[in-house]
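Listed in TrEMBL:
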COMPBIAS  366-390  compositional bias 'Basic and acidic residues'
DOMAIN    169-398  domain 'Major facilitator superfamily (MFS) profile'
REGION    366-398  region 'Disordered'
TRANSMEM  6-28  transmembrane segment
TRANSMEM  35-55  transmembrane segment
TRANSMEM  61-84  transmembrane segment
TRANSMEM  91-113  transmembrane segment
TRANSMEM  125-143  transmembrane segment
TRANSMEM  175-194  transmembrane segment
TRANSMEM  214-231  transmembrane segment
TRANSMEM  243-262  transmembrane segment
TRANSMEM  268-292  transmembrane segment
TRANSMEM  304-322  transmembrane segment
TRANSMEM  334-356  transmembrane segment
């Protein structure tokens, strides 16, 4: 039960970051990327600073799990949208380069935090991390949106604008986006289980002296490499066929999750982590390019926001369920086996998107062709009517 509670603290923070994303996307559409990002970083700074003065778990749920996480959400989501304002042809590569920065911190931050915790304690460590949040706030000032900010002003005299002006319902009219928005959360019920519980599993199987940090380094390094490689590769894949890269990443990560209990040699576990990190980078770096392909430039903010919001549910629920299974069964084996199933199922669902989008484009092309033929026919009839009228006028004169 204790393991379940510890896992819930981390899952709550990560889940809240994504849970707030739909609201963040609305603010991004109304206020723009710069104001939203800077305001979010400021809120996150306040939440993290307040957490450094908390001495019990209860208030920490609020200051760190809610305030800090919500601030991070407001700072994170505009960073995905702003790239589409500047880059079109190489959007995949740019997303890979930008998201690879998190891999650098995944590699280095655990060692830095371990040293800080030993020397200055938890509270002072949080205060040091406030410096990073302040830098993030300054970075938000560099966002200069090129696309126009959506206006929600109304001329009806109502004090509040209608919901349809605030929440963009156009994104849900796309069947391809609906499949994508529900297929990815379905895959994530097991996706994050290895990332949360792998360290504890290593301690139980290989002892507390095992080099757990090496596994984190493997995941972080290959994740950064994967974001650069697959981000560049996505630029060469036409349209929504980029989804197949995500399908591949889900299949590989699902299989690697099932392989973790079978690794009785530490070297085998390193190989599994290398592959997981590589395809984790693939999944992350092409989310924004796929969103741009499915809904277009104008609707991409809320398309990404609602997707991240739906992702918050499996991110919050999946790891605690795995912790519950560990407490009940005494080992992580069943939890890792089950964690591999949702990514494979979710990846299979995503395979429908290119077929659906191809069918939609054929239908639109046929409708456009029929409309063009109708216009041509009307023009012919109109010209014929004019000719008949002229001939009648000539006969009347004669």
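Keep in mind that glycine also has a Cβ here, set from the backbone N, Cα and C atoms.
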Same-chain residues near the transmembrane segment (304-322), Cβ under 8 Å, at least 6 residues beyond its ends: 4, 7-8, 10-12, 14-26, 28, 77, 80-81, 171, 180-182, 184-186, 188-193, 196-197, 287-288, 291, 332, 335-336, 338-339, 342
Considering the transmembrane segment (91-113), which listed stretch of 61-84, 214-231, 243-262, 268-292 counts the most C-beta pairs under 8 Å: 214-231
Tally of DSSP helical, extended and coil residues in the compositional bias 'Basic and acidic residues' (366-390): 25 helix, 0 strand, 0 coil
Same-chain residues near the transmembrane segment (35-55), Cβ under 8 Å, at least 6 residues beyond its ends: 24, 27-28, 63-64, 66-79, 82, 122-124, 126-127, 129-130, 133-134, 136-137, 139-141, 143
Stretch of maximal Cβ-Cβ contact with the transmembrane segment (268-292) [cut-off: under 8 Å; candidates 61-84, 125-143, 175-194, 243-262, 334-356]: 243-262
For the transmembrane segment (125-143), distant same-chain residues with Cβ under 8 A (at least six beyond the ends): 32-34, 37-38, 40-42, 44-45, 48-49, 51-52, 71, 75, 78, 82, 113, 116-117
Top Cβ-contact partner of the transmembrane segment (334-356) among 61-84, 175-194, 243-262 (pairs under 8 Å): 175-194
Distal contacts, the transmembrane segment (61-84) - CB-CB under 8 A, six or more residues away: 9, 12-21, 24-25, 27-28, 33-34, 36-37, 39-48, 50-51, 54, 91, 94-95, 98, 133, 136-137, 140, 143, 145, 147, 287-288, 292, 297, 300-301, 304-305, 308
Remote residues contacting the transmembrane segment (243-262) - C-beta distance under 8 A, at least 6 residues beyond either end: 180, 184, 187, 190-191, 193-194, 198, 201, 230, 233-234, 237, 268-269, 272, 275-276, 279-280, 282-283, 286-287, 290, 331-333, 336-337, 339-344, 346-348, 350-351, 353-354
